[in-house]
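One structure, pasted below without further comment.
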């Protein structure tokens, strides 16, 4: 590496600060997607909450220390010049820039809590349903730092009653909570504890397709991962 290139990288690292975390969003899908980003309340929204990625495209996003939030992919979007429009899945209030709005389920989520005393926590969650494959790959960190993958096309294996269809095509797979709104599926009411809210036949299908992902609210033991001081690649499809 040339000395000037090394100097440039050092200057970039200094400008970002040692506490910054870089998320790389990568689109491996065949078509354009529009990742949404939701920062936990009280913190600035990264990229104003949304970005467009053509097939094969990637973008780097820098998050400040102790950032927490989620990323998800949106599909079938159409926006006008002002950034208003709609997405078939993952829509966030009809805007390209979600700016504090969450995605409408079903949507596959990549979730992060950075810089806790135990390090970074991250997971792939299908608790809000599924709309596309998503995986997380840590780099440069210390600790376990496992890759978390959900590569299966759950839309092809979606249980009857959970399918989200548009023009006759399955475009998403709802959670049983979303589809039926019952406490035993939502882990609410009398089922609001790990002992009482157990995996259902529906969540077991999700777990079989993506064993590392959250399949229901209390799926922590096999679905929460940690790393210290890493950057993260979030790959869609």
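Every residue gets a Cβ built from N, Cα and C, even glycine.
Since we're looking at a predicted model, the values are computed, not measured.
The annotation disulfide bond is assigned in TrEMBL to 29-237, 77-87, 92-98, 145-227, 150-210, 158-173, 177-186, 187-197. Residues annotated as signal peptide in TrEMBL: 1-20.
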For residue 145 (disulfide bond), identify the closest of the disulfide-bonded residues 92, 197, 237, judging by Cα separation.
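Smallest Cα separation from residue 145 (disulfide bond) among 92, 197, 237: 237.
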Taking only same-chain residues 6+ apart in sequence, whose CB is under 8 Å from that of residue 187 (disulfide bond), what do you get?
177, 197, 216, 217, 218
To the nearest Å, how far is the Cα of residue 29 (disulfide bond) from the Cα of residue 210 (disulfide bond)?
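Taking the Cα atoms only, residue 29 (disulfide bond) lies 18 Å from residue 210 (disulfide bond).
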Please give me the CB contact count at 10 A for residue 150 (disulfide bond), counting all chains in the structure.
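Within a 10 Å radius of the Cβ of residue 150 (disulfide bond) lie 24 other Cβ atoms.
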Quick one: Cα separation, residue 150 (disulfide bond) versus residue 87 (disulfide bond), in Å?
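Given the Cα positions, residue 150 (disulfide bond) is 22 Å from residue 87 (disulfide bond).
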Taking DSSP three-state, what's residue 177 (disulfide bond) in: helix, strand or coil?
helix
Return only the integer: C-alpha distance in Å from residue 158 (disulfide bond) to residue 237 (disulfide bond).
17
Taking only same-chain residues 6+ apart in sequence, whose CB is under 8 Å from that of residue 98 (disulfide bond), what do you get?
36, 37, 38, 45, 48, 49, 50, 92
Return the residue, from the listed disulfide-bonded residues 77, 237, with the maximum count of other C-beta atoms within 10 angstroms of its C-beta.
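Counting every other Cβ within 10 Å of each candidate, the maximum falls on 77.
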Fill in the CA-CA distance, residue 186 (disulfide bond) to residue 227 (disulfide bond), as an integer in Å.
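Computed Cα spacing between residue 186 (disulfide bond) and residue 227 (disulfide bond) is 29 Å.
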Least buried of the disulfide-bonded residues 87, 92, 158, 186, 227, going by other Cβ atoms within 10 Å?
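The disulfide-bonded residues 87, 92, 158, 186, 227 were compared, and 186 has the fewest Cβ atoms within 10 Å.
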